[in-house]
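Undergrad: Not my notes, these are from TrEMBL:
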{"type": "DOMAIN", "residues": "14-129", "note": "domain 'Acyl-coenzyme A oxidase N-terminal'"}
{"type": "BINDING", "residues": "135, 174", "note": "FAD binding site"}
{"type": "DOMAIN", "residues": "275-436", "note": "domain 'Acyl-CoA oxidase C-alpha1'"}
{"type": "ACT_SITE", "residues": "421", "note": "active site, proton acceptor"}
{"type": "DOMAIN", "residues": "476-652", "note": "domain 'Acyl-CoA oxidase C-terminal'"}
Ligand SMILES: CCCCCCCCCCCCC/C=C/C(=O)SCCNC(=O)CCNC(=O)[C@H](O)C(C)(C)COP(=O)(O)OP(=O)(O)OC[C@H]1O[C@@H](n2cnc3c(N)ncnc32)[C@H](O)[C@@H]1OP(=O)(O)O
Ligand SMILES: Cc1cc2nc3c(=O)[nH]c(=O)nc-3n(C[C@H](O)[C@H](O)[C@H](O)COP(=O)(O)OP(=O)(O)OC[C@H]3O[C@@H](n4cnc5c(N)ncnc54)[C@H](O)[C@@H]3O)c2cc1C
């Protein structure tokens, strides 16, 4: 029985066409759908018991699933794209993520042709397992502060890898603790007693025969992390070197080379390319944000349509909680954000692919913008997604707190995204640096790409919003101009404040809070703009474009409402115009309401992937919650283990004293 069928009938757009719009293309939809079903129908990928498992059992279970996934990849000859979807739907962080997601990309981006030829075939056949060992106990954000040393020994033509202090211990790398045989290790290059910057080195950690750590290497897991199950399927590790020798040709040498004689040769490649793997991964993290948020929103939306509280008249049904305006005002902006992040990630991927091609051809001019966009959008989308998942849990009331809602584990596994691949505040400060530089160069350099609007800064500073009615806000030009003006005015104001400091670095440190706000406003502008640009494309299917238009306005006007202080303080909007935007937002919520279930169905998530009783496709929540309670190990027996030993004596004592 489909308890949500009435809801599904209310929608006024073609859900199948929306699935294609969400996926990006019919090919991508079919590919993703095939992998989702493959995983959902395979009992090896069962995951409901995961939060109940102890750490060793949990990790072993992950290894079993990873081995099975690898077998499927080989046996079914899955393409790289199919393997990525398979990994997504298996939905369990594993050592293989870092192997494919960072170790291989680091070699691809920073290795010479010779190095790629040697290492990539081994890695791609999984004859070696690698991880990305950058962060240390003492330093994560400050990469130039890393302490591990790689000292060149001209006599033997080797680097000596060493951990000189406790704080130089590598700490956090995923896959490092128990599984990696190799790592790309970031260390201070020392040649002839001089420091020559931080570079990557390929280091073998464990024997390929018996997997034991090689001499001079101390390696292990860093211990249990937040939440049951969640990221504990990953062996984040600690690593120390005691004068471990590696051949010279294991330094990744695309950026700088060390000759046999100990000479440093710089290629034309900028040194920032050493950070290139992070640009790649940050871009994938933006795509993952839309997946995680859409998943939480799908659960909360379906459950909000099932759940009823208050409002019964004449014995009729109570009100569905999704009909409360407060529920809509918390839920629908998150639904809109999931779509907004999906489309901005699509754009970011194309920007990244373009930069990658240019880098391969030794053309580096667009790297700073790619860095700013990937850093800023990673920060913006992961912060919003982490907060959004928690909001979805609250939107589900008490039942959202049950593990079987799927939300606690999703939250626990997701929140480190705000920290890994760059702390979100540190990344926004990088965007701020880029913007301040752009403003300072306005007189002699035309801003391009996502900062092109800064070229119109004079008019953006003068012109105020012309919106007179709530309907006036349903105009892409009016909305985009509002976001451009806010971002430009905040950036210019900050630049003026900075100019008052004799020492720019001192000014940057003092104004850091304002600078982060400038960076956030710039990144929100990018997301809003890319959503409107998406709507310019041909999007087939009855009512699909219209529904996306509504979501686009919800996303933009919700942000405008949330940050109205900025829009008012910069003088672009009057209080009346801000309140008209809010009135329009209320109207938009009622347009989303009949389509809400269909909009989350369009994510096309299987019940397996959602992993949530509250978010079941059929809405059959209560019987399944009731059934699941009886499957809890505590309910194996009527009287629990420990009762006779610890509780009964107390009860008996009470009876005894009552008699007295
Ligand atoms: C099929 C499988 C698929 C699987 C897919 C799954 C993928 C995996 C999922 C995710 C798993 C997560 C695992 C997590 C991994 C990690 O966390 S790895 C470690 C990540 N660490 C960080 O992100 C550290 C953050 N710190 C930094 O990025 C930088 O050090 C810093 C903050 C930017 C440094 O600041 P500063 O000291 O000022 O920098 P400098 O070294 O002096 O350089 C400044 C100049 O360099 C430019 N720049 C900085 N970063 C980059 C970059 N990434 N790319 C390009 N350019 C960069 C910066 O703009 C400065 O430029 P100029 O102004 O021109 O000088
Ligand atoms: C689950 C998980 C997986 C990870 N996987 C890997 C991996 O595979 N490989 C790897 O190398 N690393 C990995 N890391 C490490 C991760 O990249 C770092 O933790 C991250 O870059 C943040 O650095 P940090 O821990 O040094 O934070 P810190 O920099 O110590 O941050 C602490 C606080 O200081 C603030 N702060 C720091 N610097 C500044 C500044 N300049 N201005 C203002 N505020 C500042 C931050 O905002 C934050 O609030 C992982 C981390 C986690 C949690």
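Any Cβ shown, glycine's included, is placed from N, Cα and C.
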Undergrad: Translate the DSSP assignment of residue 174 (FAD binding site) into the three-state scheme.
TA: coil
Undergrad: Looking only at the domain 'Acyl-coenzyme A oxidase N-terminal' (14-129), what are its DSSP counts of helix, strand and coil residues?
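TA: Grouping H, G, I as helix and E, B as strand yields 90 helix, 0 strand, 26 coil.
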Undergrad: Roughly how many Å lie between the Cα atoms of residue 135 (FAD binding site) and the residue listed as 'active site, proton acceptor', rounded to a whole value?
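TA: The Cα atom of residue 135 (FAD binding site) is 10 Å away from the Cα atom of the residue listed as 'active site, proton acceptor'.
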Undergrad: How long is the line from the C-alpha of residue 174 (FAD binding site) to the C-alpha of residue 421 (active site, proton acceptor), rounded to the nearest angstrom?
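TA: Between the Cα atoms of residue 174 (FAD binding site) and residue 421 (active site, proton acceptor), the distance comes to 12 Å.
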Undergrad: If I restrict to non-local contacts, at least six residues apart, and a C-beta distance under 8 angstroms, what lies near the residue listed as 'active site, proton acceptor' in its own chain?
TA: 278, 281, 282, 285, 378
Undergrad: Where's the emptiest Cβ shell within 10 Å among the binding-site residues 135, 174?
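TA: 135, out of the binding-site residues 135, 174, has the fewest neighbouring Cβ atoms within 10 Å.
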Undergrad: Taking all residues of the domain 'Acyl-coenzyme A oxidase N-terminal' (14-129) together, what is their mean pLDDT?
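TA: Value for the domain 'Acyl-coenzyme A oxidase N-terminal' (14-129), mean pLDDT as a whole number: 97.
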